[in-house]
């Protein structure tokens, strides 16, 4: 076996990281020892979704891989270490920390934002928008700013403008050309785009060349334009295009294009065959490709070069589908129609709904050469397939861009696509690849995604991928099986609807009428707790009633949390985390009397561990006597509403967060749901209650409450997303009523709100439509259902200890009063714990 | 089976296998479609058994080890009862492995099997052979 060669990759951006994944997945690490240098302190992250950094996502959630991916794969990643020189004679890479030998070297240094040479462009508060550190700088500069300007009205400029809006700055965009996004849209499209963006409160200034930047009067800076008009602003972000980061290559005399970029061939080799270049630094056929999909294709070609494969880079389609400031913009092929002499144009403009569609068609009217969309991208997928697969256009091509109501042709179905049709351009997955994966045994969307990586890049093809997968599965006679388990051929949502529509109140009635007759109709540990939860969500009868008790997980059966030695923990409700000294003393006395280990929980209450089954009723008798009620810590239900101390005590608080937390906890306690639900209420924007990590997060404002939804801590943290602003108390309750009931209705079993939200077709916008705009017309019904649950609340423990029949279950043995002798405790730090 | 016939069979069994039947509880102590735990003192060492009651299904009564070999805790009686792949099972409440009620076989690990006991109603009383 030959010894390993040294492979160095300079750059840990999206494309550099993709190359590492390709090397790992294709066994190239047997041949190469790989070292990656990243100048930034973060490992590779998703630059496409950078603006989400200001709407809740953090560096970790934007990361392209798990923190230990490089280590476990056997690749050395050196972040925060910039390469300063390539020594081609010695075949060494030089950083400020050392010299590293290479046999093969890949440049994936990407690009940098172009800052126009304007006097004053280096003043404090003149920034760029490219990296996470840039965004931190922008955020810091925005703290004391009221307005901001983006120089550049292209794709990245509008992204940056969105980011400034996200920081609550009055935002303006200054563009040198006569319209926004001059590369992607024409004058009509540009005008429409301007209208839409101005309607969002962003000022748009076109045909403006900035002459100089100087001290302002009302704001920090004054921008002076060519006609001596001025604009004052506190903050300036330059986003006037990108330039390849080719300095290292220039310094070591690799061939460079006239306007920059490291010249590469079809195999991504530079003028030095030991050095390759990929991504935005590479110049292929005199073109720089400023999108992620071509970069990924270059990475694949580089892999082939490094491993003697056949894949070549042969250019890339620059079609793009974007949502900028909430406005759809799509551009396919020769969108302007200026590359194909004789091409014919179809245009559709609706000034009322502000939609513009344009098709560029071959002179014989048979082929689509390009298209442009503003305001509505719904036709994009279909048009792209006509374009990239050369599918013959329908007899009346105009039908593709006319509104559906005019009897226009429906979208091109997945069945009509040829095998070669590219579905995911980021990972270059064709319909044929998807079919092959299904033939190899993939049975659902997740399986296809896992095997092909389709739709895991920019995510633009998600809907198309799903329709192709569903279509192909059905074509193979695979019924897409969404049954909850072998006892019911229904989803959880299906069972929920059956229970509600037919008013079924017991599991046995449900399984008799709707269960699979091939089974013994006993149910199982999947469907029984799920149905128990559904019945409780609909009717809220005590879960310890004889008909319901065999359905419950042991925690619900005994209304306590089973620990690893078979004992239970007890958590009484402490609404909002507020507790009187007297109650605190009772908790201490009960813990002492029954030998319970005591610990404060993350949800601001007290957990008492080590309770024996037979002691639970006595423990609860004493707690209820002292005014406690059950805390549902054992249930898939509302757990806690965490709060900060709020305006009552805190000098920063603007609302009574504790009062609101108690109101909410008492309103929703006992609501059983597909999974547990946690709330947080913060009294001001400092967010001490960490509400944005909860399913429901509420943050006080001067005017009321901001509502955040679908956050999560735990294994996969997710920031909650802003859902509604400045609600009064009543609006807040109503919105949460609807939101929670919609979740209860439609989520899968054991699906937290965060995962539910991520799987919800239409995402947050759809959720807002349903809950805030009542687009399904079910708002009243959802509120009524919630009221039923609230009206029927009773403390399950109070109910159980007053019923001798129910108490019978709380015996360790039916024929002996002895406690279980195998439960052995030992002492640690002054408390008991399992031995 | 009549009481006399059962008595005869019990006698035979006790002679052949030195096993005897004992009363463990009454029908009213059981929980329909769920389990309870009981001590079985006349085996060495004394065993904790889980007794499951499935009215209208198969034998109606099943008895197996209360001890869960995966967690080492005595909890099997507190698991959810159901049927999987055609046989009644109980799921351990701790790590959720399934055990067949008929013979104690674990469905997830063929090397693991809980002990089982014969269990019958005698009038309103529950009797186990141990």
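Placed from the backbone N, Cα and C atoms, the Cβ positions cover glycine too.
Taken straight from TrEMBL:
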| type | residues | note |
| --- | --- | --- |
| BINDING | A:644, A:650, A:684, A:688 | [4Fe-4S] cluster binding site |
| BINDING | A:688 | siroheme binding site |
| DOMAIN | A:6-294 | domain 'FAD/NAD(P)-binding' |
| DOMAIN | A:319-385 | domain 'NADH-rubredoxin oxidoreductase C-terminal' |
| DOMAIN | A:423-469 | domain 'BFD-like [2Fe-2S]-binding' |
| DOMAIN | A:563-625 | domain 'Nitrite/Sulfite reductase ferredoxin-like' |
| DOMAIN | A:635-771 | domain 'Nitrite/sulphite reductase 4Fe-4S' |
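Within 10 Å of the Cβ of residue A:688 ([4Fe-4S] cluster binding site) there are 18 other Cβ atoms, across all protein chains.
Around residue A:650 ([4Fe-4S] cluster binding site), taking its Cβ as the centre, 15 other Cβ atoms fall within 10 Å, counting all chains. The 10 Å shell around the Cβ of residue A:684 ([4Fe-4S] cluster binding site) contains 20 further Cβ atoms across the protein chains shown. Sequence-distant neighbours of residue A:644 ([4Fe-4S] cluster binding site) (same chain, 6+ residues apart, CB-CB distance under 8 A): A:650, A:653, A:657, A:658, A:681, A:682, A:683, A:688, A:689. Those same-chain residues not listed among A:644, A:650, A:684, A:688 yet with C-beta within 8 angstroms of the centroid of the [4Fe-4S] cluster site C-beta atoms are A:645, A:646, A:652, A:653, A:657, A:682, A:683, A:686, A:687, A:689. According to DSSP, the domain 'Nitrite/Sulfite reductase ferredoxin-like' (A:563-625) comprises 29 helix, 14 strand, 20 coil. Shown for the domain 'Nitrite/sulphite reductase 4Fe-4S' (A:635-771): DSSP residue counts in helix, strand and coil, namely 52 helix, 35 strand, 50 coil. Broken down with DSSP, the domain 'BFD-like [2Fe-2S]-binding' (A:423-469) shows 25 helix, 4 strand, 18 coil. Helix, strand and coil counts under DSSP for the domain 'NADH-rubredoxin oxidoreductase C-terminal' (A:319-385) come to 6 helix, 33 strand, 28 coil. Confidence across the domain 'BFD-like [2Fe-2S]-binding' (A:423-469), taken as the mean pLDDT and rounded to a whole number, stands at 81.
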